[in-house]
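Working notes for the structure below.
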Amino acid sequence: MRRWLSLVLSMSFVFSAIFIVSDTQKVTVEAAGNLNKVNFTSDVVYQIVVDRFVDGNTSNNPSGALFSSGCTNLRKYCGGDWQGIINKINDGYLTDMGVTAIWISQPVENVFSVMNDASGSASYHGYWARDFKKPNPFFGTLSDFQRLVDAAHAKGIKVIIDFAPNHTSPASETNPSYMENGRLYDNGTLLGGYTNDANMYFHHNGGTTFSSLEDGIYRNLFDLADLNHQNPVIDRYLKDAVKMWIDMGIDGIRMDAVKHMPFGWQKSLMDEIDNYRPVFTFGEWFLSENEVDANNHYFANESGMSLLDFRFGQKLRQVLRNNSDNWYGFNQMIQDTASAYDEVLDQVTFIDNHDMDRFMIDGGDPRKVDMALAVLLTSRGVPNIYYGTEQYMTGNGDPNNRKMMSSFNKNTRAYQVIQKLSSLRRNNPALAYGDTEQRWINGDVYVYERQFGKDVVLVAVNRSSSSNYSITGLFTALPAGTYTDQLGGLLDGNTIQVGSNGSVNAFDLGPGEVGVWAYSATESTPIIGHVGPMMGQVGHQVTIDGEGFGTNTGTVKFGTTAANVVSWSNNQIVVAVPNVSPGKYNITVQSSSGQTSAAYDNFEVLTNDQVSVRFVVNNATTNLGQNIYIVGNVYELGNWDTSKAIGPMFNQVVYSYPTWYIDVSVPEGKTIEFKFIKKDSQGNVTWESGSNHVYTTPTNTTGKIIVDWQN
């Protein structure tokens, strides 16, 4: 997590939380009409399964076996479409709730056939693509999609699309008549199907058992036809397809199944997006309760995209929904993820989604939903709310967690919690950028503080349904004063009194009570809150958000090299990456008056445009505990630093031991030198002998090189 220089507050005036209104002078992270496509930290995202939201145009509903009138069969289309979302944008339901971004189902054309199962399952969810360059006609036309984007932007709402380049649709290796045989089309022209795949557009390695990372990448996910991203046609097709949707004006992408695609290819995809028109991109890497995966952290830190924060979502569900953990476990997760993720503020948080049971339980206490939303909206990360959560919708498992939207009541307590805290999130940078500090804790009570410079938000939550707790000995960074609850007592929060030394007068926190107290003040020195994107090339534009930059142009440095300033305001700077060598750099801002911010670290400068190359080495025998890695003379291969070598390589699916392989994002059109090394669990390195391998990487396509281990 980004660290900033703590500022000592010496004011002794009495402040009230109503001073939050002074934030309007700052111009929040998003200015009206200037949607920030690379920073979502102050946003509230609302996830919509398009087919299950609103049927705004009955004329585009499918017929026959694809459709379920009245949505009695939840595995078929029910009629929701882009016009329905437009209607709810224009009637104020989303804007009044405080939604500033929507994440919608994959918009591409899906299969028109149904599965031969008990339900006759259809592609309503959008994950069974047949043509990534055409719209799903049951959601609307391309013109309808453009109207949706325009309507959202007119109301200050960003649009995120789901995108699932891992696969097409269900297919069978032995039965070409099964559904649509996974066929892939390019704007209406057939490229190929899963059987008789002479061009090798797909993988044919059987279904994954989820036994290893390699197994999940190079085998089929269930019965879905797994795309071969190293195929030059597939590589170019998918990259062109995503740029087509970017041309429609989208602001973000949720990348499906990132755990199941080659990391190297995905980094080259992110480079393609950043080269073209950067948008906030986050991937889906499912983690179960209490699961910690180092590969998950590595991907988030090295791929150029963020992730859905399953560690956050699962832990909050354990604490407030399932009672299988307590606030100590949650606080530990907050600390651990702050260390594990370089950009923890960019990870997308949630309490439920379309792949898990809804948070609200049939016959359960809606107060738990309210508490969970309050924590979600005041915690680090980009908060995402699943459609209908604000209406206390229930449903365990697919498809019961994807029912038709039940109602649009603006008076539910959950709706009002979102409304109030979305406003606070937009207007107090502590929620967008602040560190998190635990201030008071027991199994039932969690008091935590978010702080960014002088901006402070203090939150207290009591999950118990029966116990009252006296909160004594609490200290805060809030200046001395009286603070009213930002929720207006909606969850029974009260006023607190803060002394001159930061001590909070004792108060009671009742069962199910949540209190939120806030303070904000103008910064006089520069403080960086966010940089996006965090990967680029020399000349790429980068947006720096924060406070106290001043109105006169100052200096931005990548390491010790000054960048060309494109635009400068007190809260946002746009610069071009200076002419520096490839590598990772700290960014600093110096105001025109000479004051310098703390460093914002780990911006990655790539060598040039990236392509995905498969490196294969034969006859690389190893001892127990050893793995093969690749290292070379370019930054993307570690610059001969064995601690930065790429690997471990794979040896089970596409090739078998003692042949090893890995797909790596490398600079295009460049003659590179490399070698393979053996590493054991203690980090001991054995180099292959002989001369360096030499390879000239391709341009604008994928590549492959096969060599023998040199003994």
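The chain as shown is numbered from 1 upward.
Yeah, the Cβs are placed from backbone N, Cα and C, and that goes for glycine too.
DSSP gives Asp256 (active site, nucleophile) a coil state; it is part of no helix or strand. Cβ contacts within 10 Å of Asp256 (active site, nucleophile), excluding its own Cβ and spanning all protein chains shown: 19. If you look up Swiss-Prot, you'll see Asp256 marked as active site, nucleophile.
Cβ neighbours of Glu284 (active site, proton donor) (same chain, under 8 Å, six or more residues apart in sequence): Arg254, Met255, Asp256, Ala257, Val258, Lys259, Leu307, Leu308, Asp355. Feature annotation from Swiss-Prot assigns active site, proton donor to Glu284.
The Ca(2+) 2 binding site annotation in Swiss-Prot covers Asn166, Ile217, Asp226, His260. Its own atom aside, the Cβ of Ile217 (Ca(2+) 2 binding site) has 25 Cβ atoms within 10 angstroms in the protein chains shown. Ile217 (Ca(2+) 2 binding site) carries a helical DSSP state (H, G or I).
Among the features that Swiss-Prot reports, disulfide bond is placed at Cys71-Cys78. Within the same chain, residues at least six positions away from Cys71 (disulfide bond) with a Cβ under 8 Å of its Cβ are Arg52, Cys78, Gly79, Lys403, Met404. The secondary structure of Cys71 (disulfide bond), as reduced to three states from DSSP, is helical.
Annotation comment: Swiss-Prot describes 605-711 as domain 'CBM20', evidence class sequence analysis. Across the domain 'CBM20' (605-711), the DSSP tally of helix, strand and coil residues reads 6 helix, 48 strand, 53 coil.
For 230-433, the entry in Swiss-Prot reads region 'A2'.
Per Swiss-Prot, region 'C' is recorded for 434-522.
Annotation source Swiss-Prot lists region 'E' at 607-711.
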Among all protein chains shown, how many Cβ atoms are found within 10 Å of the Cβ of Asn166 (Ca(2+) 2 binding site), not counting that one?
24
Hey, for the Ca(2+) 2 site built from Asn166, Ile217, Asp226, His260, who else sits with CB inside 8 A of the CB center?
His167, His203, Thr208, Gly216, Tyr218, Arg219, Asn220, Leu221, Leu227, Ala257, Met261
How does the model score the region 'A2' (230-433) in terms of mean pLDDT?
99
Could you tell me which of these binding-site residues, Asp226, His260, has the greatest number of Cβ atoms within 10 Å of its own Cβ?
Asp226
DSSP-derived structure type at Glu284 (active site, proton donor), helix or strand or else coil:
coil
C-beta crowding around Cys78 (disulfide bond), within 10 angstroms:
26
